[in-house]
Amino acid sequence: MTKQFFNLNIWLKDSLFLVSLSFVYFAKAFGGSYMKSSVTQIERRFDIPSSLIGVIDGSFEIGNLLVIAFVSYFGAKLHRPRLIGIGCLIMAAGAFLTALPHFFQGQYVYETTLSHIPEENSTESILPCLANTSHLVINDLSTAASKAACEKEAGSSMWIYVFLGNMLRGIGETPVMPLGVSYLDDYARKENTAIYLACLQTVGILGPVFGFMFGSFCAKIYVDIGSVDLESISINHKDSRWVGAWWLGFLVSGFLMLLAGIPFWFLPNTLAKAPLTPQRWSRSRAVSYRRTILRRMHHSLLFSNKVYLLIILTSVVAFNGFIGMITFKPKFMEQVYGQSPSKAIFLIGSMNLPAVAVGVIVGGLVMKRFKLSVLGAARLSIVSSFLSFCLLLIQYFLQCDNSEVAGLTMTYQGATEVSYQQESLLSQCNMGCSCSLKHWDPVCARNGITYASPCLAGCQTSTGVGKEMEFHNCTCMQELKGGLMAPPTNMSAILGQCPRKSDCDRMFKFYMAVSVLGAFVSACGGTSGYIVLLRSIHPDLKSLALGMHTLIGRTLGGIPPPIYFGALIDRTCLKWGLKRCGGQGACRFYDSHAFRYSQLNSNDKWTDGWTLF
C-alpha cells in the first residue's frame, strides 16, 4: 500500500509539472506566433521596411542570447520551477510593453490622394484628374524643422518599444525549454520521455494555432477601433494600407503568461523517483559506473561529441530556413497568390499548424510503438527531412502571374496600346492630370487593370463617399479602334486593387495542399530528432547541452534570417508608400516573381522551429 501511494504521489507530481509546463509552452507559443502573424500590421503601422521588421523579429533571439548560457549552466543548480515562473513574469512584461505604443501614438492616418469625406452641405463630386493636388491628405513637408516636428508627433520611432518588448519576451522564455525539459527528463521514467516530449510539442503547436487564428481575427479589426468612425474609412482589410488591431493580441498573450507562471511558484525543486526493481537497479548501477568512467575521459566534454556537433550544424541550417519562412509566409501568400493578410494568417493557423501537431503525435507514437533506438530515431528524422525537402521543391513551381498594375508590371495595356514611360507611372493618357507619383491609392478598372491612383487612371469624375466611391470617365481605359481612340463600354473604376485571375486561386489550392503535406511529413521526424539530441549527450551535461543548442541555433539561425530575408524582400518592392511626414514608408506593392525567388529559397522546416515560438 505504501509503495502504491508513493508511486501515485510521484505520478501526480509528474503530471502537475507536465500540465504546468505544457500551459507555458502554449502561452509562449501563442505570443510568439501572434508576433509572427502581426509583422505585416506592425510594418504598416510604423511605416518601416521589411529589413527593419527583421531586426524587430530578431530581438527575441537577442534577448535569449543575453542570458541563455547563464541560465542553462547555473539554472540546474538553482530552483528550476521558480526560474520558469520568473521567466513567465518577464514574458508577460514584454508582451505588455510591445502593445504600449498603440496607447501613446495618435490615430493612424493612411496615405491617400483624395479626401473621401465631402464637405457639409456640399454635393460637388471630387474631380480626381483635374483637382487631385487640392485634395491631398498627406503632403511633403518642405523644411527640416517641420519634418522633425511631424516625425515626433507621429511617433515614428515608437517601434523601439516593440523591439524592447520582444527582447524581454526572449529573455523570459530562456529558462522554459532547457530547465523544463531537463527537469522532466530527470524525474520521468525513461520509457515515457518520448511521449512526454510529444505531449509538450503537441500543446506547443496548439499555441501557434490559436495565435495565428487570433492574429487573423485582429487583422480584420481596424487599428483604431472604438476611436474612429469606421464609415469614414475608405479602405478594407485587403488593402495594403490597412492596419489591423495588432496591439490586442499582445495584451491577451501577456495575461496568458501571467496565469501560466503561477503553478511554478508552488512546485518543489526536486521530485522523488520511483523505487528501483533489482533489474533496474543493476542497469542503474552499470549506467552509474559508465558515467564515472566518462567523467574521467576527454570525450565527456560537450563539444568533442561529434553527434552533438552534427545536430548543432543541421539545426542552424534548419533554423535559418524556418525563421525566414515563417516570419514572411503571410506576406508571401499575400503577394504571390493575392490572399489578404487575415486569410493567409487564418490558413496557416487552421491548416499548416494542425498538420504539424498531427505529425508530432504520429512521430511520437511511431517511436513508442516500434521502440526505436537512437539509430532508428536518427533514420526516421533523416527520411522525414528528405521527403519534406522534396515537397518544398514542388512548391517552387506553383506560381501565379504578377498582378496587372499599369506602369509597374505593365508597360502597355495590350490591345489598348496605352504605353508608359520606363520606370514611371506616366502615360499620354494621364499626362495632363498633374498626378502625384508618390502616393499609392489603387483603383480597379473594369478592364481588370489596377492603377496606382484615380488620377493616374485619368478619371475625370467620381460619385459616392467612403468605400462606395466610384470613378468615371477614366481616359487610360480607352481602346484603339480603327486607328482612333474610342471609349469602351465602361470607363469606370472602384477603390482597391483588382483580384487575381481565377487560375491563381486554383494554383493557390495546390500550393496549400503541398505545404500542409510537407508540414506533416517534416513534423513526423521532430520528436525522433529531439530524442537523438537527448541521448547523444552526457546526462550531467544535459541542461548545458540543451542550452547551448538553443543558444547557437538562435544566434546563427534565429537572428540573421529575418534581417537578410527582409532585405531581399525589400529589393523586390515596386511601389513604396509615403510617410505622413514625407519620405519612404512601407512597401505597398511587390514584384511577386522576385518575391517568390527570395522566399522559396528557404528550407520549409516546421518541426525544428516549433521551439522558437
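Keep in mind that glycine also has a Cβ here, set from the backbone N, Cα and C atoms.
Lifted from TrEMBL, the feature list:
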DOMAIN    17-613  domain 'Major facilitator superfamily (MFS) profile'
DOMAIN    423-478  domain 'Kazal-like'
TRANSMEM  55-76  transmembrane segment
TRANSMEM  83-104  transmembrane segment
TRANSMEM  194-223  transmembrane segment
TRANSMEM  244-266  transmembrane segment
TRANSMEM  307-328  transmembrane segment
TRANSMEM  344-366  transmembrane segment
TRANSMEM  378-398  transmembrane segment
TRANSMEM  510-533  transmembrane segment
Residues of the domain 'Kazal-like' (423-478) by DSSP state, where helix covers H, G and I: 9 helix, 12 strand, 35 coil
The transmembrane segment (510-533) in contact with the transmembrane segment (55-76), cutoff 8 A, at least 3 CB pairs, sep 6+: no
For the domain 'Kazal-like' (423-478), mean pLDDT (0 to 100): 83
Close approaches to the transmembrane segment (83-104) from elsewhere in its chain (Cβ under 8 angstroms; 6 or more beyond its ends): 21, 24, 27-28, 31, 35, 63, 71, 75, 155, 158-159, 161-162, 164-176, 179-180, 223, 246-248, 250-251, 253-255, 257-258, 260-262, 264-265
